[in-house]
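Before any comments, here is the structure.
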């Protein structure tokens, strides 16, 4: 095959016709995406589907031109490529490589979207080892997509070899003037296409969401766009709604307790806490339960339960029923829980360029009071990038699958790591060797897709034969909790320990509306006290750290981006995101804003039917919530982007 002839017709002709073919391919990929995920569009009108496809044209143009800009520049350089050996071969190979990467991402998204319900971004590639470990499972569950990818690669290469032959060869003599003019014109057009038009601001994801139906917005997008956009927008966007003085005042009103004072106005979250009570050096054990959606927990819903042991603890503890996950992925939960950094980023904090920021994690604070700190996760070392983040939050010991005592294949789920029951017991045994006080975090994994439970434990759940795999898995993880407590109650440290149980996020199939998409449990249980309290106050993951400081009556400096749930002077709030829209829950209300004229206000956040959106510019309350939301987002984004979360003070 003589590749030197393939890219040798008129340059304008090659660029235009190749662009048209790529646009057809992207439209075809969008149609396949629609068919594969049809369940999300069953109740959508044909006009809305057509609108999504039309809007998608802008994103396709932007993605194609952005991806191929190296090829375009190289190909259009005002030089005589005929005199450069193998120049056309190099261009053709580069073209195929870039576009086949894009096609691979779009095909991978056919399996990714149904689970995560958002387009694929750069985030999974921040945990490369986890992705590699999932390859065997991917071959098993997505073999059809792998076959489709292989066929697509073969067809793509064959198609463009034939295509470039078909459009003919350039027979005019090389002209520097014409080449320079062509280069300038086509580069200008490419830049316009990449930014989505001649409007003042470039196209962004929010432009794809033309109504309340989020799947339609993702249908309009393409994976090439979301992937590269997330890579180049790893940091939070900058918000400048308020001046520094007003911003500080809003944040102090929103999250500062009466016994806290600001240290440096440039560090709006960094404050000194004073306690009126005597220091209490109780042990802290935090359970982060994988994918525990509140709707499956009877003590929260007063309905059917899959967590009987958790419910028994809740009857003697403090249960928060309107508690929200900061994000929708495990990798977002850990920074929120251990360092009070909310998941309002386009991509996760872990693995981003800002991960090296100076922070004031829970472990760092407690170590100053003599605590031993540990983090336990039954997956392989480095899973989710936790091994890099956990030390920065002040946790000295990181225990993973490799540190599990008496390993055997029967105790390994074959996908993620050690089953919850044996791993929880192993964590408790490790705590026996710690000097007290200690703070240990245990992250479960058995209720993670593919929801495997040990074969030798399945007989315990015969009464759940008609339930799905997730419901069996959450029941098993609840059973694992029970076994942990049965072991721990006989240990010397048990009665001096405060247990905090929450979840990293909700299950993707349980996200029926906005409320259920984020509602997770939070239980505070102290064996020496029967509390039996149900609290409806709103809170989120970022409130756990300051709540622990209150429980222990610690005087310290911290940079929590939340407030103590025990502070009765605060109503409580939770900020989350269905990016590019942001949400703030407070009292019983929900306010939604994407800062692009799309606003929603619901008086009851448990019922977010679009018909119940009563937003009006004439209402005062939505404006108050808008100010709260904007102030919080500006403070978070400025603090994170400019490394203004925490600073060491001279001793």
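Every residue, even glycine, has its Cβ placed from backbone N, Cα and C.
A quick note: this is a predicted structure, and the numbers were derived from the prediction, not measured.
What TrEMBL records for 330 is active site. Sequence-distant neighbours of residue 330 (active site) (same chain, 6+ apart, CB under 8 A from its CB) are 290, 384, 443, 448, 504, 505. DSSP classifies residue 330 (active site) as helix under the three-state reduction.
The number of other Cβ atoms within 10 Å of the Cβ belonging to residue 290 (Mn(2+) binding site), over all protein chains shown, comes to 23. Taken from TrEMBL, the feature Mn(2+) binding site covers 290, 504, 505.
Residues or ranges marked as substrate binding site by TrEMBL: 448. When Cβ atoms from all protein chains are considered, those within 10 Å of residue 448 (substrate binding site) total 21, not counting its own.
Taken from TrEMBL, the feature domain 'Sulfatase N-terminal' covers 282-553.
Positions annotated as transmembrane segment by TrEMBL: 14-37 (among others).
The transmembrane segment annotation in TrEMBL covers 49-76 (among others).
What TrEMBL lists as transmembrane segment is 88-108 (among others).
If you look up TrEMBL, you'll see 142-160 (among others) marked as transmembrane segment.
Annotation source TrEMBL lists transmembrane segment at 180-198 (among others).
Summary of the Mn(2+) site environment: with the site residues 290, 504, 505 set aside, the chain residues having Cβ atoms within 8 Å of the Cβ mean position are 288, 289, 291, 292, 325, 329, 330, 333, 448, 503, 506, 520. Between the transmembrane segment (88-108) and the stretches 49-76, 142-160, 180-198, the greatest number of Cβ pairs separated by less than 8 Å involves 142-160.
The highest tally of CB pairs under 8 A with the transmembrane segment (14-37), across 49-76, 142-160, 180-198, is held by 49-76. Counting every protein chain shown, 28 other Cβ atoms lie within 10 Å of the Cβ of residue 504 (Mn(2+) binding site). A Cβ distance under 8 Å defines the sequence-distant neighbours of the transmembrane segment (142-160), meaning residues of its chain 6+ beyond its ends; these are 6, 18, 21, 25, 92, 95-96, 99-100, 103-104, 107-108, 110-111. Summed and averaged per residue, pLDDT over the domain 'Sulfatase N-terminal' (282-553) gives 93.
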